[in-house]
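Marked as domain 'Tr-type G' by TrEMBL: 66-247. Annotated GTP binding site per TrEMBL: 75-82, 140-144, 194-197, in sequence order.
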Amino acid sequence: MWTLVGRGWSHGRALAVWAAGTAQRGRLEPLPTPTCGAPAEFRAWDRLYTSAERKEKIDMSRFSVENIRNFSIIAHVDHGKSTLADRLLELTGTIDKTKNNKQVLDKLQVERERGITVKAQTASLFYNWEGKQYLLNLIDTPGHVDFSYEVSRSLSACQGVLLVVDANEGIQAQTVANFFLAFEAQLSVIPVINKIDLKNADPERVEKQIEKVFDIPSDECIKISAKLGTNVERVLQAVIERIPPPKVHRKNPLRALVFDSTFDQYRGVIANVALFDGVVSKGDKIVSAHTKKIHEVNEVGVLNPNEQPAHKLYAGQVGYLIAGMKDVTEAQIGDTLYLHKQQVEPLPGFKSAKPMVFAGMYPIDQSEYNNLKSAIEKLTINDSSVTVHRDSSLALGAGWRLGFLGLLHMEVFNQRLEQEYNASVILTTPTVPYKAVLSSAKLIKEYREKEITIINPAQFPEKSKVTEYLEPVVLGTIITPDEYTGKVMMLCQARRAVQKNMIFIDQNRVMLKYLFPLNEIVVDFYDSLKSLSSGYARDKAHSVGKAICERLKDSLPRQLFEIAIQAAVGSKIIARETVKAYRKNVLAKCYGGDITRKMKLLKRQAEGKKKLRKVGNIEVPRDAFIKVLKTQSDK
């Protein structure tokens, strides 16, 4: 017990202060060992704790619904979404203007290392224009196709979007995909042509592309340079003029949509919410429409871009809410929150994400299983598009089979596990799901359905049990300069693609639409497209099987007997390699003599090896298994 004048220090109080202080700093700090009295560190933490408690809260009631605009920034990869967000934050005084303002909203380490946005981030901007103060809720979204689920969720909290297009690159595939996400959600679209400061920029050409592909008049385009800040203020004014305020009712009972969430070690789940009706404040008892659990609200506020507590959040506003949710199942994205004893009709929520790529994930050491399980559960709160099924492997032990939206999504998830939770894992080669239509009533009764989904290659049923196999297909959009059209079409045809459409979007660019088998494009199609190679032969079972056999042959240690390695499709062997046995020179003692003596010794040795082959065990080293799982050989 530490004792100060007018204040009793207990170990529990000290721990609470330490936890609050370290949480405020955003990193974990060691708890020092006290010597006598109240340690200086505890006194410093106490000042920080009380200053955080006394931090001035924003009065959000001063923003009427008519003065609120909720909007997202959408674009293709590297067209300048995050740079534009930085300039908007500076113009509204949300952050100080410095040279270090780069990717301010990209808070994850993986985002800064890769230079891409992985997680949608929210910021509330306060902007004075024509004598009125506006609340502009901005959501910066990812541009890569693997994170389109983040985009679709973010759009549910908005009434409009800024569609950013590079003045040099023009319209690209994800520009088209993101536009139609906004179009289907019936949002106002403001086209912004960025990077007009580049030497090869051609904004007039891009204007014509936007008019032809999206049917948006060219005079509605805003030409800017987000890097230099040129014309960016016009974007803010266009947001106010062209995007409507949210249609909400503050006098109705509370209805809040959870469109994103993060996990904090000390405070539990921090839910990002968009209020469609009513008001919420600290102390309110709220109910989850999904779990029916009751929680007491500990804190509400807005992101500015860091957390800024508020007295209350009102309908039409976007902010965060902390209500002591500790379990992963208590914070479902797409859930509706309402006040206790004031039940309302739940909001539509979101369509479930459809995993496109599956991979096995196993701890390097089985003693780390529970730690890895906890890390995966916490990370899936932040990334609800990942599906998790328990799995096991004879070679690697207990683990999981995870479903991702694409290869980059899988790589980023793995990198975040390492960086944020210090978890090292073994990740198997990615596969895609297949479906099989069963042939007999007995099998249908066994599986309890006629059509089964296979996500693990080891569970693939034999052909004799199945009437037909079904594979997933995707509609892919490729935008290419016209001089590469022939080579791109050859590549697509080699991947069993079926052409659906071909449009010249201007004099030099062609937009191709193909129906692709997902398995043909999931691993290396993008690399092949970039290099414009002619692709591989259609039937790759033999070459893939042979490559795996060769890698296993190189990885397995030799035994005293011969080991046969075979690749099979069903019962048909399509490739084989042999690991030669160690052989003792049994003829070393025979100096000349009759040949029958030598043959007798060799025959006895062969019989011994034959017997040993029947009873011998082969130990497969873990590193050999990992080498086989690699897509490419190290040679």
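Residue numbering: from 1, along the chain as shown.
Every residue gets a Cβ built from N, Cα and C, even glycine.
Curation plays no part in TrEMBL annotations; they are all automatic predictions.
The Cβ of Ile196 (GTP binding site) lies under 8 Å from the Cβ of Ala167, Pro203, Lys223, Ile224, Ser225, Thr230, each of these being in the same chain and 6 or more residues away along the sequence. Counting every protein chain shown, the number of other Cβ atoms lying within 10 Å of the Cβ of Asp78 (GTP binding site) is 16.
If you draw a 10 Å sphere around the CB of Thr141 (GTP binding site), it holds 27 other CB atoms from the protein chains shown.
Counting every protein chain shown, the Cβ of Lys81 (GTP binding site) has 27 other Cβ atoms within 10 Å. The number of other CB atoms found within 10 A of the CB of Ala75 (GTP binding site), across every protein chain shown, is 28.
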